[in-house]
Amino acid sequence: MCGMRGRVVARAVVVGCGVAGLSAAIALRERGFGVRVVAREPPERTTSAVAAAVWYPYRAYPEERVLSWGARTFEVFRGLAADPRTGVRLGEGVELLRRSAPGEPWWREAVSGFRRCREEELPPGCRGGYRFVAPVAEMPAYLAYLLDRLRGAGGTLELREVSSLEEAGEGADVVVNCSGVWARELARDPSVFPIRGQILRVANPGLERFVLDEENPAGLTYIVPRSGDCVLGGTAEEGRWSTEPDPATAEAILRRCSALEPRLRGARVLEHRAGLRPGRPEVRLELEELPGGTPCVHNYGHGGSGVTLSWGCAEEAAALAGAALS
């Protein structure tokens, strides 16, 4: 298609409208692409909408590239946190260590306000912990902000299911594949697998700091306060495809979280959700050519770090798309 003064505008189709897809679509639009997002469900029904969304690298590899993408995303979020309309804020929290020796985490240089926990700050059973400041995104507001920003810049969202990347890219100059766990089918990638995460939202009893307790012997545990609620988690069930919340799992999550934070006992439950994190041995962010010759940038396999890596990966994906057409 043509833009002002007859300039040819490259057409990009982004597959997927979770945080990876919307961020990539915005990055493409800011590079001058005409952008159309194609997705099977609206943003509020994606895995991203289920996320507790603390900046924290989780189940994403390799570490060196994850650190680079994550640091860039942290930088962008720091700017977004200045605008309350984005749903992003900088929050203080703690990661608890029960098995690991409290050395230096590999992601330390990406965060601010880092320090080791003092002994009196630790709950029973913990060998150590870290306090740090990190972005927290309230995903309903943040996804709405991203979609509004994309549409305000001239991008569009089309809700329909596609059976292949070739179908999605009909009429486009480049495809950007941000299909999450569904890349197993669309990209014909058997290395992609679901990591099921279940959470519940409860009324916030006055909590301000997030708590991450990955090594809890009773199961993965995290508490993420937001403006009007708390997200309590969670699970990391590899290979399980169900997005139906399990009542027994919800009870166990609430029990673990209440043991860490007694103020959660009796908290009013607002919602149960489950989503499928896109697991993969490594994040796939690379260019390939689809049958028929259309270039395709793959951007998936972020594990539990979709929000954490979103802008770093989006900008690199947009750069790859630009290079493919140059």
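For all residues, glycine too, the Cβ spot is worked out from N, Cα and C.
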Identity of the FAD-site residue among Ser68, Ser179 (reference: Gly18, Val19, Thr46, Thr47, Ser48, Ala52, Ala53, Val162, Arg277, Gly303, Gly304, Gly306, Thr308, source: Swiss-Prot): Ser179
Rounded Cα separation (Å) that holds between Gly303 (FAD binding site) and Arg277 (D-proline binding site): 5
Within 10 angstroms of Gly304 (D-proline binding site), Cα basis - binding-site residues out of Gly18, Ala53, Ser179: Ala53
Ala53 (FAD binding site) to Tyr222 (D-proline binding site) - Cα separation in whole Å: 11
Same-chain residues at least 6 apart in sequence whose Cβ lies under 8 Å from Ser179 (FAD binding site): Val15, Gly16, Gly21, Leu186, Ala187, Tyr300
Subset of binding-site residues (Gly18, Ser48, Gly306) lying within 10 A of Arg277 (D-proline binding site), CA to CA, in sequence order: Ser48, Gly306
